[in-house]
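Participant: What Swiss-Prot records for this protein is below:
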- His161, Cys196, Cys200, Met207: Cu cation A1 binding site (BINDING)
- Cys196, Glu198, Cys200, His204: Cu cation A2 binding site (BINDING)
- Glu198: Mg(2+) binding site (BINDING)
- 1-14: topological domain 'Mitochondrial intermembrane' (TOPO_DOM)
- 46-59: topological domain 'Mitochondrial matrix' (TOPO_DOM)
- 88-227: topological domain 'Mitochondrial intermembrane' (TOPO_DOM)
- 15-45: transmembrane segment (TRANSMEM)
- 60-87: transmembrane segment (TRANSMEM)
Amino acid sequence: MPYPMQLGFQDATSPIMEELTYFHDHTLMIVFLISSLVLYIIILMLTTKLTHTSTMDAQEVETIWTILPAVILVLIALPSLRILYMMDEIYNPYLTIKAMGHQWYWSYEYTDYEDLTFDSYMIPTQELTPGQLRLLEVDNRVVLPMELPIRVLISSEDVIHAWTVPSLGLKADAIPGRLNQATLTSTRPGVYYGQCSEICGSNHSFMPIVLEMTTLKYFEKWSSMMQ
């Protein structure tokens with residue numbers, strides 16, 4: 001859930017987002033150590049009175065500062081590639097939905113059902129009720145079962161959009177004529193917000209995404225009512 005003046009990530013709601021958070025901390029630790037070392041060397045050079053004017057080369061030092069960055073890059077690349085393959089892996093999804101971007105709203109189709117489609121528009125500020133979030137609420141939420149793998153097919157009817165839900169670690173481009181796919185699995189029930197993350201025109205900021213993750217029993221009841 002996002003909140004005002006937030007600096008960190010939203011609480012992770014999917015295994016992928018948890019892995020991304022761990023990877024962020026891992027990379028940030030490496031960056032902090034490198035920055036601290038560089039700052040220490042700069043301060044040492046500015047404050048010391050010792051000079052080494054006779055040194056022409058230093059093979060040992062050059063070897064170290066060649067091998068060490070390569071090792072650091074490997075330590076960053078390996079977990080990154082692991083998460084990349086995890087995000088791309090889709091095995092036996094319980095449900096498939098199609099998200100189509102428009103200027104400026106989203107339309108959804110539950111492909112496993114005969115007639116379950118709807119458009120999702122942002123609720124204008126003047127129509128919000130107490131407790132609803134400005135610029136994030138929609139008239140039709142995407143209801144999905146939690147703890148089950150869901151495949152999302154993403155495309156666009158006009159210009160390039162991006163379907164993004166930060167707490168689930170999801171961001172996929174919606175490109176006209178191209179079908180991208182993503183997978184999501186929520187570990188707990190709740191309402192999760194996202195927005196179009198690709199500048200798509202004058203109302204780009206007004207096409208939010210709202211996912212309502214619920215129990216399988218409630219989802220089946222909701223889907224039968226919507227058809």
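Every residue gets a Cβ built from N, Cα and C, even glycine.
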Participant: Measure from the Cβ of Glu198 (Cu cation A2 binding site) and count the other Cβ atoms within 10 Å, all protein chains considered.
Facilitator: 17
Participant: Over the span of the topological domain 'Mitochondrial matrix' (46-59), how high is the average pLDDT in this prediction?
Facilitator: 72
Participant: Could you tell me what the rest of the chain brings near the transmembrane segment (15-45), counting residues at least six beyond its ends with Cβ under 8 Å?
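Facilitator: Contacts of the transmembrane segment (15-45) (Cβ under 8 Å, skipping residues fewer than 6 from its ends): 9, 72, 75-76, 79-80, 82-83, 86-87, 166-170, 184-185, 187.
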Participant: DSSP on His204 (Cu cation A2 binding site), three-state: which is it?
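Facilitator: Once the DSSP labels are grouped into three classes, His204 (Cu cation A2 binding site) ends up as helix.
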Participant: Would you mind listing the long-range same-chain contacts of the topological domain 'Mitochondrial intermembrane' (1-14), meaning Cβ under 8 Å and 6+ residues beyond its ends?
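Facilitator: Residues 20-21, 24, 166-170, 184-188, 190, 192-193, 213.
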Participant: Centre the Cβ atoms of Cys196, Glu198, Cys200, His204, go out 8 Å, and tell me which other residues of that chain have a Cβ in range of the Cu cation A2 site.
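Facilitator: Checked against the 8 Å cutoff, the neighbours are Gly101, Trp104, Val159, Ile160, His161, Ala162, Ser197, Ile199, Gly201, Met207.
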Participant: Of these binding-site residues, His161, His204, which scores lowest on Cβ atoms within 10 Å?
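Facilitator: Least crowded of the binding-site residues His161, His204, by Cβ count within 10 Å, is His204.
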Participant: With the Cu cation A1 site defined by His161, Cys196, Cys200, Met207, which remaining residues of that chain have Cβ atoms positioned within 8 Å of the Cβ centroid?
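Facilitator: Nearby residues not in the site list: Gly101, Gln103, Trp104, Trp106, Ala162, Ala174, Gln195, Ser197, Glu198, Gly201, His204.
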Participant: Count the other Cβ atoms sitting within 10 Å of the Cβ of Met207 (Cu cation A1 binding site), across every protein chain shown.
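Facilitator: So the number of other Cβ atoms within 10 Å of Met207 (Cu cation A1 binding site) is 23.
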Participant: Is it possible to get the count of other C-beta atoms within 10 angstroms of the C-beta of Cys200 (Cu cation A1 binding site)?
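Facilitator: Summing over all protein chains shown, Cys200 (Cu cation A1 binding site) has 21 other Cβ atoms within 10 Å.
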Participant: Where DSSP helix means H, G or I and strand means E or B, what are the helix, strand and coil counts for the topological domain 'Mitochondrial intermembrane' (1-14)?
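Facilitator: Per DSSP, the residues of the topological domain 'Mitochondrial intermembrane' (1-14) fall into 0 helix, 0 strand, 14 coil.
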Participant: Non-local Cβ contacts of Cys196 (Cu cation A1 binding site) (under 8 Å, 6 or more apart, same chain)?
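Facilitator: In sequence order, the residues whose Cβ lies under 8 Å from that of Cys196 (Cu cation A1 binding site) (at least 6 apart) are Gly101, Trp104, His161, Ala162, Trp163, Thr164, His204, Met207, Pro208, Ile209.
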